[in-house]
Amino acid sequence: MRAGTPRALAVAVLLEVDRGGRAQLLLDRALRRSPWPERDRAYATFLVYGALRRLRLLDHLLAPLLPRPEGLPPEVRWILRLGALEWLEGKPDHARVSPWVEEAKRRYPGLAGLVNAVLRRLAPREAPECVRLSLPDWLCEAWRGFFGDVAFAEGFNEPAPLFVTAYREVDLRPGPVPGSYLWEGPKTDFSALGLQPQNPASLFAAKLLEARPGERVLDLCGGAGLKAFYLAAQGAEVVSYDLNRRRQEAGARTARRLGLWVHYRTQDLTRPVPERAKKVLLDAPCTGTGTFRAHPELRYRLSPEDPARMAALQLQLLETAAQATEEGGVLVYSVCTLTEEEGEGVVRAFLARHPEFRPEPVQPPFPVLARGLGVYVDPRGGLDGFYYAKLRRVNSQA
């Protein structure tokens, strides 16, 4: 994917997102091939993420001016949305309209006049809250019913700060969790600096285990092992299980560069693991609604059935985690989503089946949306939305 300007690159990336691609991967790959100054790279990033985070609102603003938007070529629809995004951000007409008209001329010359007319006629328009937040109606209403309001979702439409977990001494601005820092420069070879990009809410899931030197810890659904890295840095003997061998191999390479040792084992975790431990972390696969800031396209790909479907899998995985937890041990369940079904719903169903487990208090060092058997993290301020539950096995009842 090659493009001559940040605007052209943004359109190209968004077209690939339309085809099912992931914005973060596509944009990172495109920027690696573009020898632009940081200002241009930052502007392309703003355009891609801004358009996806505000997509429903942008279409709402354009709707009175486009009676049949679905009849337009996808390139032109994205050009109009990106022009509307710049209008929404207060960019003046003289700096905003002409560049997008030129983009249209290069692709569809016959539609350049339409682009010019529409972008010059944009005007404020009241929008329902779910549209203003660019959330699907079904999820917006579910969150309103569960949390009481959806104001927290504005956090998903803010710029995403880059947090790193440090595995050596650094001179960076501290994040909200000890060991987490804010990275304010361009992306780089982080592991060479002893750093690992990781949201503080993700790091806190590993901290909940309170792993000590020499303790054996099982990291289930560990992926590349980001949480395992932190546990290993505490001196724990970490065994990280996942079904994706390729991600594990990439994680093992990163761990070596960070000077850490993690044992990786590849297995389907709907089946029991062949060992037990006093400390078990299950960071289960989920709908990912807490990561809408970093993965804004995800909100438009989920269906109302997805939370219940994922909850059924998560309950299966919790059964595996329970069998692997020794008496007196701790099982931490975490998901990077804010749905009732995948958080409180899963833990409630699990505890009904397993009276040998008791929930323990969880006190994150950042604001929470709701408390119950576990806690939901407020995604404002750069945090990912997470749910955590800390479960103690008080006896060996099966």
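Each Cβ is built from the backbone N, Cα and C atoms, and glycine gets one as well.
Among the features that Swiss-Prot reports, active site, nucleophile is placed at C336, with the record citing sequence analysis. Sequence annotations record features per position, and here Swiss-Prot assigns S-adenosyl-L-methionine binding site to C221, G222, G223, A224, G225, L226, K227, D242, D268, D283 based on similarity to another entry.
Features as recorded by Swiss-Prot, highlighted on the structure.
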residue	record	DSSP class
C221	S-adenosyl-L-methionine binding site	coil
K227	S-adenosyl-L-methionine binding site	helix
D268	S-adenosyl-L-methionine binding site	coil
C336	active site, nucleophile	coil
Next item on the list: Tally every other Cβ atom lying within 10 Å of the Cβ atom of G225 (S-adenosyl-L-methionine binding site).
Entry: 26
Next item on the list: Using all protein chains shown, find which of the recorded positions C221, C336 scores highest when you count other CB atoms within 10 A of its CB.
Entry: C336
Check: How far apart, in Å, are the two Cα atoms that lie farthest from each other among C221, G222, G223, A224, G225, L226, K227, D242, D268, D283, the residues recorded as binding S-adenosyl-L-methionine?
Finding: 19
Check: At the Cα level, what's the spacing in Å between C221 (S-adenosyl-L-methionine binding site) and C336 (active site, nucleophile), rounded?
Finding: 13
Check: Given the binding-site residues K227, D268, which one has the fewest other C-beta atoms within 10 angstroms of its C-beta?
Finding: D268
Next item on the list: Report, as a single number, how many Cβ atoms besides its own are within 10 Å of the Cβ of G223 (S-adenosyl-L-methionine binding site).
Entry: 18
Next item on the list: May I ask for the distance between G223 (S-adenosyl-L-methionine binding site) and the residue listed as 'active site, nucleophile', taken between their Cα atoms and rounded to an integer number of Å?
Entry: 14
Item checked: Alpha-carbon distance [C336 (active site, nucleophile); K227 (S-adenosyl-L-methionine binding site)] in Å -> 13
